[in-house]
Amino acid sequence: MPIATVSRSLSTFVQRGNYGRICRISKFGFCTVPKRKGILERLAEGPVIGDGSYVITLEKRGYLKMGPFTPEAAIEHPDAVRQLHREFQRAGADVLQAFTFYSTDGKLNIVEGKKDYAAVDLNQSACDIVWEVARTSPDTLVCGGVSPTPTYTQGKGKDAVKEQFQTQCDIFIKNKVDFLLGEFFGHVEEAEWAIEVMKSCGMPVACTLRIGPRGDLVGVPPGECAIRMAKKGCDIVGINCSFDYHTELKTIKMMKDALAAEGLSPYLMTQPLGYHVPEVDNNVIGYYDLPEYPYAMEPRLMTRWDCRDYARKAYEIGVRYIGGCCGFEPYHIRELAEELAPERGGKRPPGADKNGVWGDSMAESTISNHTPTRNNKEYWQSVVPASGRPGGRLVNEIVSYEGQLK
């Protein structure tokens with residue numbers, strides 16, 4: 001084979017996630033090394049750090065429209081998506097998720113004023129971008145995200161819904177992602193159908209519901225949801241979005257207990273909101289019922305120290321895939337990785353050199369006489385942040401939209 005052809009073949013081989021399997025080319029052929037560990041192997045060894053917010057963060061940066069929440073930025077602004085992947089990777093995320101949220105033809109076709117992009121084109125661009133970043137580190141895994149489709153809530157039937165899921169999965173199979181994640185499902189039945197399709201693809205499967213303690217949108221309890229997902233063969237069962245970490249940890253504990261009672265033991269996963277939303281703890285819909293949603297959520301943002309609390313409590317419950325969803329910025333993810341470094345063999349994030357542990361770098365500050373003393377865990381755990389807003393409230397009345405969200 002000509003050298004140029006070999007080089008091109010190697011480039012494609014590396015780009016699609018196989019870089020952990022070769023080390024060089026010589027006149028004798030490829031020099032092989034052991035295949036890198038997959039998601040299930042890593043979870044068996046200890047906690048895995050997921051990434052965070054894409055939709056909300058890219059909207060704040062000016063690359064996505066609130067409302068449709070669709071990922072045209074993967075084609076229109078690839079540099080913005082690429083940069084966010086890099087930031088999560090530097091923050092310590094072990095997994096980067098291709099930016100394909102809501103990229104189904106069923107969803108794209110109902111977006112008013114939409115560009116003429118097919119899901120297959122958006123998802124291919126998203127895969128190209130995420131692999132470009134992931135291949136810079138042999139330890140980074142790539143996840144293909146499978147989204148709910150309006151086809152389900154429109155009542156078009158199981159076959160039509162599964163066809164939408166298969167279209168999403170076909171791109172991820174082609175691009176050799178490391179595993180599949182179905183996320184943001186409000187109905188466990190739709191999640192089950194997604195798991196059926198994902199399991200047929202021959203790679204590990206994770207699936208998360210956007211539920212709290214009251215269960216899915218039609219009242220199926222969290223424990224029953226978890227059991228049904230596990231019995232469909234889901235390797236990693238969990239929840240994401242809609243609720244804060246306090247509520248999600250309460251919910252995942254309910255799921256864990258129900259699974260244990262049935263003798264089922266999938267890995268557990270949480271990716272909560274990056275906001276405090278205690279008012280919706282016992283709400284079916286979640287934070288979408290808050291009057292501040294979506295444009296005035298910033299005063300509720302978690303601190304980096306909240307993220308450490310979340311990571312520690314999640315780990316103690318038995319959650320092993322720990323990440324974030326809407327509102328989780330790269331610095332939030334960095335604190336998850338920092339908190340669980342002892343459980344990860346002392347592994348700190350690539351950006352650790354610029355991160356003071358519990359503020360210890362503040363000892364070098366000369367801004368005032370007070371700031372150098374803010375350099376320890378005891379200080380930061382005692383601080384209760386204020387909003388700084390005159391007349392601000394601790395909590396708000398929720399808008400009663402329960403049962404209306406699709």
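Counting begins at 1 with the first residue displayed.
In case you wondered, yes, glycine gets a Cβ from its N, Cα and C as well.
Caution: TrEMBL annotation is automatic and unverified by curators.
In sequence order, G52, S53, N240, C241, Q271, P272, L273, G274 are the residues of the chain that are 6 or more apart from C325 (Zn(2+) binding site) and have a CB within less than 8 Å of its CB. Annotated Zn(2+) binding site per TrEMBL: C241, C325, C326, in sequence order.
Sequence annotations record features per position, and here TrEMBL assigns compositional bias 'Polar residues' to 363-374. Residues 380 of the same chain lie 6 or more positions beyond the ends of the compositional bias 'Polar residues' (363-374) yet place their CB under 8 Å from a CB of it.
Annotation source TrEMBL lists domain 'Hcy-binding' at 36-340.
Positions annotated as region 'Disordered' by TrEMBL: 341-378. Here the region 'Disordered' (341-378) has, by DSSP, the following mix of helix, strand and coil residues: 21 helix, 0 strand, 17 coil.
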* Structure fact -> Not counting C241, C325, C326, residues with a CB within 8 A of the CB centroid of the Zn(2+) site are S53, V55, I56, F184, R210, N240, S242, Q271, P272, L273, G274, G324, G327, F328
* What else in the chain is close to the region 'Disordered' (341-378), if you only count residues 6 or more beyond its ends and a Cβ gap under 8 Å? -> 46-47, 89-92, 137, 315, 333-334
* Which residues in the same chain, at least 6 apart in sequence, have a Cβ under 8 Å from the Cβ of C326 (Zn(2+) binding site)? -> S53, V55, I56, C241, L273, G274, Y275
* Structure fact -> Cβ density check for C241 (Zn(2+) binding site), other Cβ within 10 Å (all protein chains) comes to 25
